[in-house]
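This report refers to the structure that appears directly beneath it.
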Amino acid sequence: MNPLAAPDHKDDFKLKDTKPQLGERWPHGGPRGGGGWISSERATSTYDLVEQMFYLYVRVVKAKDLPTNPVTGSCDPYIEVKVGNYKGETRHFEKKTNPEWKQVFAFSKEKIQSSVVEVLLRDREKVKRDDHVGKVVFDVHEVPTRVPPDSPLAPQWYRLEALHGDNKVKGEVMLAVWMGTQADEAFPEAWHSDAASVHREGVLNIRSKVYVSPKLWYLRVNVIEAQDVEPLDRSQLPQVFVKAQVGNQILKTKLCPTRTTNPMWNEDLIFVAAEPFEEQLTLTVENKASPAKDEVVGRVDLPLQIFERRLDYRPVHSKWFNLERFGFGALEGDKGHELKFSVRLHLRVCLEGAYHVLDESTMYISDQRPTARQLWRQPVGILEVGILSAQGLLPMKTKEGRGTTDAYCVAKYGLKWVRTRTIIENFNPKWNEQYTWEVYDPSTVITLGVFDNCHLGGGEKPSTGGGARIDSRIGKVRIRLSTLETDRIYTNSYPLLVLQPSGLKKMGELQLAVRFTCLSLANMIYLYGHPLLPKMHYLHPFTVNQLDSLRYQAMNIVAVRLGRAEPPLRKEIVEYMLDVDSHMWSMRRSKANFFRIVSLFSGVISISKWLGEVCKWKNPLTTVLVHVLFFILVCYPELILPTIFLYMFLIGIGNYRLRPRHPPHMDTKLSWAEAVQPDELDEEFDTFPTSKQQDVARMRYDRLRSVAGRIQTVMGDMATQGERFQALLSWRDPRATSLFVIFCLIAAVVLYITPFKIITLVTGLFWLRHPRFRSKQPSVPSNFFRRLPSRADSML
């Protein structure tokens, strides 16, 4: 057992209850707070699932009539907003006396240690220190409070004062100063005092953003046939195939089995495409000139916009397309390439709108709607998530010789991705941001991940020692909506667990507030009787290999498109959230899944043990009661099914008191993360194909052969038992089949002349007989069955 993966405090890996102060809380004298602090369980604010955070906002709009420098004869103005030790600067303009900035600065109220706000206007100097042009000063205690949805505070013109003294100077500045919360519209785009150390392009990477996944389509290309295929070598008939390409996706038809100029395939090639369509469908007909050489016979590029979009499986009209190829013209200096007509290709192409394009594992699916919006149902609920804070994060990188973490949180549900702002250099960041999603199916999962921002431009180095600048994983949380009670607020602290090559590690805790609101109970119950995916997945399904390949292509497309946003949602984030490596081999996961299967049969095993104790009269009173129940059921067989269902009803009612009170979370014991061997972890984090030394790869290969050998033995035993059943009537063993046939004849006569109740009663009494009437030897039917032949004798 890996000592690093065996912590002393197992409770650290469990879910914890929290009691944050959610909802609006306004002090005395505020716009709503005439009676002191107010808070409600269901406040009218859209920010009722987070703790309220107060900010001092300063909006700098523009300036006019600014004085020029007597030496340079110009003015390069910028504004510095200063509150205590915190200060923020606008961008500066060159040679402009009427600049417009339109920037907002936000200062956290709990960190303000000054009673005044200073707005200083400066003139940028290249050689000497920047000149002070003037200032405007506000008293923090006199700043008005704004509560959304009130309209924004109107900015006003303020005359500049001299830096020393109360004299007015030339020039005016348009400003607005108010006290608000994170619910303010200016909050997402504002400069934050918490991120005062971030400059230039790093500022864009710390802001909170909402992203939308691109609209994905399945592109079905049915390659029917080709005509007039003319190879370069006309002495022999061509043997061709069609290669289709959309972006980085390349698929080929099978090689036409016969050599002909008019080949036929009738094969479907499936691609993933995203709107807006940027790629083209490129088709080439290629001839297999030799085993090592394919020659292009013709080519055509088709824009995806021309293809029909269908919402069901009705036939799509096929079309002929003329292909072109570039052949060498006569050797005449400037003639170059000559464009020749070559082949006709018969296609049936459409964009499938009735399928849901899977970009995540079906085990953790967050959306199941078809591509076409016309086929969407009405939402059945609303999911609200308050991302409150993280606690006890570990240092993820080193900056100026000390460990630090710049954490942000990403949540993904359906097509909507959200990213909180980055809290700089804080192991206990507080985000307090709330987001909302429409829910179309309760049997879906929301995924939240916490990451360390490594793109702030500060020269930080990852603590792992690697040189790659990628955002490090801190941990991930999944919540299945069907496990939540409706209209209840869940406030819990989730452990952030990461499996590393050194073992299981707790990176911190993520505090969330979650509420699932039901809009239509009837529609939600209606969904439980319908398939999870759109009906086309079941009427005309894809193969397992197709689904795996299409999911990988869809994930790549989503990662590329989201990586082009500003700020980008980087590829490593998208891959981690979509579980791109969930299909890779892992000895740990294989053990975990095996014991999951074992636990499923634990109930059956317990019942069989209990019945064995009843048959052996371990508890005579229980055995007598079972006899009584057996007699009743034999005499009144119509009570059997009602008794079974009544028993399950009573079990369900009894388990209601023991129902889970918390959402599910990552279970280290279920995942076999606590008892994993170091070498198994090293194998799990190995690249594909492997990058290990030959002796290590050989050892792992031998271990895999050993595991596969056990599985092979179990499968062989199961096949042997099934073949023995077949041998009962196959006359493979003539004596055994003769005995079984005679037994069947006698059993048919006895069962015909004897009432069924008596047969059942005698069989039950024989099975429940006292141990003194039992033998320790195997029973006659068991001995007979084990002697039957199987096809194992014919195996090489």
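Backbone N, Cα and C define each Cβ position, glycine as well.
TrEMBL entries are annotated by machine, without manual review.
From a predicted model like this one, the values you see are computed outputs, not experimental measurements.
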- prompt: From 43-61, 347-365, 594-612, which range did TrEMBL mark with transmembrane segment?
  reply: 594-612
Long-range Cβ neighbours of the transmembrane segment (624-651) (under 8 Å; 6 or more residues past either end): 614, 757, 760-761, 764, 768
Task: Helix, strand, coil: count each for the residues of the domain 'C2' (359-494), based on DSSP.
output: 9 helix, 65 strand, 62 coil
Tertiary contacts of the transmembrane segment (512-529), as residues 6+ beyond its ends and Cβ separation under 8 Å: 20, 22, 49-50, 377-388, 439, 441-443, 448, 477, 479, 481, 484-492, 494, 663
Statement: For the domain 'C2' (37-158), the DSSP helix/strand/coil residue counts are 6 helix, 53 strand, 63 coil
Statement: Residue counts for the domain 'C2' (200-321) under DSSP, helix then strand then coil, are 9 helix, 66 strand, 47 coil
